[in-house]
């Protein structure tokens with residue numbers, strides 16, 4: 001057995017948390033040879049804490065061989081203590097009549113506090129994935145609130161968008177998703193994201209040779225991927241939970257265990273690539289090895305793509321400006 005890993009999960013009794021915890025305990029995130037301690041955080045109210053205790057009871061009843069221990073708490077300093085990985089799933093959802101700027105402010109308070117707690121008690125090499133929306137800006141806030149931690153280790157989840165785009169291409173081409181490579185989702189995890197298959201291949205053949213159809217790209221593919229979350233809410237009455245948890249597993253597994261040379265999409269702090277301001281958390285194509293990621297460099301950006309990338313960048317800049325006063 002490899003060394004024990006401590007993984008903190010916020011919003012642990014929520015729908016995504018419930019879909020995620022059992023898969024982590026089964027070894028799907030860190031490997032089948034890595035024991036885990038789950039450190040679960042929920043809101044400090046009686047109902048949330050009771051639900052969290054129920055989740056813990058179910059985890060006990062699964063008798064997972066790799067589950068070496070559990071912590072349930074409403075205190076971030078306890079949840080993040082010595083954490084090797086932190087999945088920040090919990091966030092304030094948008095309520096009726098709530099403006100986007102109000103949502104940003106409410107979440108800024110949460111992620112400022114969680115970033116500070118990580119800075120105080122987590123391992124110095126902790127790897128952080130923000131799932132709670134608005135994920136990119138929440139990750140940026142947490143990163144800025146943890147000045148003693150490696151900023152490269154604060155990431156936002158765009159893997160759900162990446163997986164959604166893979167599925168749409170698979171259906172269009174009649175090819176298995178496993179045979180499709182070099183897909184990218186640029187930018188913000190929001191409807192402004194830009195799924196880009198210009199470099200993608202299926203069975204090694206460029207996809208643009210099979211789908212040379214800019215109308216389908218602009219009028220079907222991009223809108224379907226970018227509005228998929230809303231379509232699921234309309235159909236199910238609830239937001240994506242199992243698919244979001246699955247994407248979080250994919251993101252962390254590939255980051256920690258390596259992507260074997262394959263391109264994946266991660267929201268990571270920009271190093272200035274593609275004209276994205278340094279430090280902005282932005283969806284890029286990356287490869288991963290030995291627990292670190294590298295942005296795929298020097299891809300040509302055509303006029304069509306630049307229009308979409310500029311739009312998602314403008315949204316992120318607006319979000320960042322709206323919370324800047326909280327980070328001074």
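Each residue, glycine too, has its Cβ placed from N, Cα and C.
Here is what Swiss-Prot says about this protein:
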type	residues	note
BINDING	11, 12, 13, 14, 15, 16, 17, 107, 114, 131, 132, 133	NAD(+) binding site
BINDING	94, 100, 133, 164	substrate binding site
ACT_SITE	189	active site, proton acceptor
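What Swiss-Prot annotates, mapped onto the structure for a quick look.
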| residue | record | DSSP (3 states) |
| --- | --- | --- |
| 13 | NAD(+) binding site | coil |
| 94 | substrate binding site | coil |
| 100 | substrate binding site | helix |
| 114 | NAD(+) binding site | helix |
| 132 | NAD(+) binding site | coil |
| 164 | substrate binding site | helix |
| 189 | active site, proton acceptor | coil |
How many other Cβ atoms sit within 10 Å of the Cβ of residue 132 (NAD(+) binding site)?
-> 25
Nearest to residue 11 (NAD(+) binding site) by Cα, among 100, 133, 189 (recorded positions)?
-> 133
Taking Cα-Cα distance, which of the binding-site residues 94, 100, 133, 164 are within 10 Å of the residue listed as 'active site, proton acceptor'?
-> 133
Mind checking which of 15, 114, 133 has the fewest other CB atoms within 10 A of its CB? They're the binding-site residues.
-> 15
Cβ-Cβ distance under 8 Å, sequence separation of 6 or more, same chain as residue 100 (substrate binding site); the residues meeting this, in order, are 94
Name the residues of the same chain, 6+ apart in sequence, whose Cβ is under 8 Å from the Cβ of residue 17 (NAD(+) binding site)?
-> 9, 10, 11, 40, 55, 89, 90, 245
Return the single residue from the recorded positions list (94, 189) that has the minimum number of other CB atoms within 10 Å.
-> 94
Sequence-distant neighbours of residue 164 (substrate binding site) in its chain (C-beta under 8 A, six or more apart) = 195, 225, 228, 243
Round to the nearest Å and give the CA-to-CA distance linking residue 15 (NAD(+) binding site) with residue 133 (substrate binding site).
-> 14
Most distant Cα pair in Å, residues 94, 100, 133, 164 binding substrate | 24
Compute all pairwise C-alpha distances among 11, 12, 13, 14, 15, 16, 17, 107, 114, 131, 132, 133, the residues listed as binding NAD(+), and give the largest one in whole angstrom.
-> 20
